Amino acid sequence: MTTALQRRESASLWQQFCEWVTSTDNRLYVGWFGVLMILTLLTATICFIVAFIAAPPVDIDGIREPVAGSLMYGNNIISGAVVPSSNAIGLHFYPIWEAASLDEWLYNGGPYQLVVFHFLIGVFCYMGREWELSYRLGMRPWICVAYSAPVAAATAVFLIYPIGQGSFSDGMPLGISGTFNFMFVFQAEHNILMHPFHMLGVAGVFGGSLFSAMHGSLVTSSLVRETTETESQNYGYKFGQEEETYNIVAAHGYFGRLIFQYASFNNSRSLHFFLAAWPVVGIWFTSLGISTMAFNLNGFNFNQSVLDSQGRVINTWADVLNRANLGMEVMHERNAHNFPLDLAAGEATPVALTAPAING
């Protein structure tokens, strides 16, 4: 008997690593974008958790009045945040080695920049990883295009807006109440509710929720029954089956009669494209709106635009909103400036026309 031995060429360690990274047989696909994503998101997550729990107060306004954001300094889950870096730092890149000491780095809010920059690189890489996996599986690339909407939104509030305003202290705090504070101040300074791109974003988010609920309920209501009355209809579907699991003709007929004929889709592909495109385009517009308002191209101003025949102002909801904006602007950064710029820039209102005569 003859035994034939084939010599197996052992691949180098680097080649094995390359094959593992790009293999679509792994339980979770890594990919080249994933290598960088794992490193940056781990760094951002670890720094965020440590800073949220134990970071000392940060001099966010650059006026030597630190703001506490961590749990160990009296906050809870709702009020806690990683406080943005100091206004004294501005737009300067502020890694640990740029500070004279670790205490100075913490006092000036260095962890905020560390978390934000690594987080943004991480989500960019996640988007690239979606494209990479689609490419290797022979799929079309639209999944990463859809994900670009939240990526654009995060980039707008964490990077574009601080650049436009001239300081990372104007970036969105990394916490729940800090996010709400950011929203209030953004409304006060930029009147975002009156910006058409924000309106398109609201239509995209709420409309997407409505269309998703409508689609899910129509499909669930028009399933092709494959089970008995005593079994769940969900058991009638087998993963990978070729047959349609619901009757699109029935769903089309129902919705066409409920609204009108042309409000209903008769093409499943165009329907699902619409379901994906509506919220994505809306969030794109909101991100674009925040990016333009970053450079103070603000929402519409219809203040005092309705006058009576005598020239007196008839207040509209725009005037009510303007009053709320001024109130919010007075409240924020109350120690950094004594008066909102909108009010301080106006003409002085006389409180007395003539000095009162005393003792005639």
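Keep in mind that glycine also has a Cβ here, set from the backbone N, Cα and C atoms.
Small disclaimer: the values here were computed from a predicted structure and weren't measured.
In Swiss-Prot this protein carries:
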- 29-46: transmembrane segment (TRANSMEM)
- 118-133: transmembrane segment (TRANSMEM)
- HIS118: chlorophyll a ChlzD1 binding site (BINDING)
- 142-156: transmembrane segment (TRANSMEM)
- TYR161: site 'Tyrosine radical intermediate' (SITE)
- 197-218: transmembrane segment (TRANSMEM)
- HIS215, HIS272: Fe cation binding site (BINDING)
- 274-288: transmembrane segment (TRANSMEM)
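This view paints the features noted in Swiss-Prot onto the structure.
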residue: HIS118; record: chlorophyll a ChlzD1 binding site; contacts (Cβ under 8 Å, 6+ apart): THR40, LEU41, THR43, ALA44, CYS47
residue: TYR161; record: site 'Tyrosine radical intermediate'; contacts (Cβ under 8 Å, 6+ apart): ASP170, GLY171, MET172, ILE290, SER291, MET293, ALA294
residue: HIS215; record: Fe cation binding site; contacts (Cβ under 8 Å, 6+ apart): LEU271, LEU275
residue: HIS272; record: Fe cation binding site; contacts (Cβ under 8 Å, 6+ apart): none
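Between the transmembrane segment (29-46) and the stretches 118-133, 197-218, 274-288, it is 118-133 that has the most C-beta pairs under 8 angstroms.
Packing against the transmembrane segment (118-133) from elsewhere in the chain are residues 24, 29, 31-34, 36-37, 40-41, 43-44, 47, 139, 141, 143-144, 147-148, 150-151, 154-155, 158-159: each is 6 or more residues past its ends and has a CB under 8 Å from a CB in it. With a threshold of 8 Å between CB atoms, the same-chain residues lying at least 6 positions outside the transmembrane segment (274-288) that come near it are 142, 145-146, 148-150, 152-153, 155-156, 197-198, 200-205, 207-208, 211-212, 215, 265. The DSSP secondary structure for TYR161 (site 'Tyrosine radical intermediate') is helix.
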